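J.: TrEMBL feature annotations, pasted as is:
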type	residues	note
BINDING	A:His76, A:His113	Fe cation binding site
BINDING	A:Cys82, A:Cys85, A:Cys121, A:Cys124	Zn(2+) binding site
There are 2 protein chains.
Amino acid sequence: MTVTRSTRQRDVIARVITQAAGPLAVSEVLAQARADLPTLGLATVYRTLKLLTEQHRIHPVILDGETLYEASGRGHHHHFSCTVCGRVFTLHTCPVALPSGTVYPGGFVVEAHEVTLYGQCPQCASQAAQALSG
Amino acid sequence: MTVTRSTRQRDVIARVITQAAGPLAVSEVLAQARADLPTLGLATVYRTLKLLTEQHRIHPVILDGETLYEASGRGHHHHFSCTVCGRVFTLHTCPVALPSGTVYPGGFVVEAHEVTLYGQCPQCASQAAQALSG
DNA sequence: CTCGTTGCAAATCATTTGCAATAGC
DNA sequence: GCTATTGCAAATGATTTGCAACGAG
């Protein structure tokens, strides 16, 4: 029976993801964690990401082929991907009403759902509006 | 100015995707296309998939890290991923009402949306029900 | 014929793994 | 001190690209 040890790198990686506003790419996790641990290796990041995922403390979000990670336990939410600046935001309102157990037309028993919205984030939308009027 | 030629491999690959009931993995496209063109190379499949995507004749669907391709122009639809058998189905009803241009809470201007449902497909759900009663 | 396309093999990119050194407990 | 963990480098798997032979117009 292997015991999971607490290490400086695991603490730092977990903190980086926990304190992030939205989901982070692996490279972003590495860069931010290296602010505290300059010698941190990429393999350790991947191993820790996998470990934290198995512990359900974080989970992956795959968006346009990019794998991002975010902290779990923040309640039901979805993502908004800005088609202009590329940033990913977390949305706290849900546009669908599909509780687990709902039977969808065709006989599909829904256990979970995922929604991603694409468009312009508030900042990019206001810049586009200014460009039009200016 | 480069001209795009019509070739046997492109026709076969386009037909395989067009005739499929749901999205196909690259390996499935290769396997099915090889029924007609046994010497077809994997690189040609990737190149053709990219070409057809640029022409908006097909588009990728990334599901659990797997890249699948399906024909475009079949109208607005979403996907259902069976957590038991792993197959992906196309749903023709949409659980969200977010026309392009909708401004989502927070000031996000929605241009498009993607929904994926997870759960048991009709076949797996009925098998599960039989197992419980039998 | 000319030049876009193909199949193959080598290259690339993201992610995983082997291994000796290192560090929790 | 025992053994999980780390960093590095090599390995893997998916996708891409270089290149000479091939084939569409």
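Using the three backbone atoms N, Cα and C, a Cβ is placed for every residue, glycine included.
Source: prediction; values computed, not measured.
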J.: Show, in sequence order, which residues other than A:Cys82, A:Cys85, A:Cys121, A:Cys124 on the same chain lie with their Cβ within 8 Å of the centre of the Cβ atoms of the Zn(2+) site.
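T.: Other same-chain residues near the Zn(2+) site: A:Thr83, A:Val84, A:Gly86, A:Arg87, A:Gln120, A:Pro122, A:Gln123, A:Ala125.
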J.: Compared by Cα position, which of the binding-site residues A:Cys82, A:Cys85, A:Cys124 is the closest one to A:His113 (Fe cation binding site)?
T.: A:Cys82
J.: Name the binding-site residues, out of A:His76, A:Cys85, A:His113, A:Cys121, that lie close to chain B, meaning a Cβ-Cβ distance under 8 Å, keeping sequence order and answering 'none' if none do.
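T.: From A:His76, A:Cys85, A:His113, A:Cys121, the ones near chain B are A:His113, A:Cys121.
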J.: Relative to the Cβ position of A:His113 (Fe cation binding site), how many further Cβ atoms are located within 10 Å?
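T.: Its Cβ has 24 other Cβ atoms within 10 Å.
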J.: Neighbour count first, Cβ atoms within 10 Å, every protein chain included; then name which of A:Cys82, A:Cys85 tops the list of binding-site residues.
T.: A:Cys82
J.: Write down the Cα-Cα distance for A:His76 (Fe cation binding site) and A:Cys124 (Zn(2+) binding site), rounded and given in Å.
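T.: Rounded to a whole number, the Cα-Cα distance is 26 Å.
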J.: Between A:Cys121 (Zn(2+) binding site) and A:His76 (Fe cation binding site), how many Å separate their Cα atoms?
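T.: Cα-Cα, rounded: 20 Å.
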J.: I'd like to know which of the binding-site residues A:Cys121, A:Cys124 has the most other Cβ atoms within 10 Å of its Cβ.
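T.: Its Cβ has the most other Cβ atoms within 10 Å: A:Cys121.
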J.: Any same-chain residues 6+ apart from A:His76 (Fe cation binding site) with CB under 8 Å of its CB? Would you list them in sequence order, or say none?
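T.: Correct list: A:Cys94.
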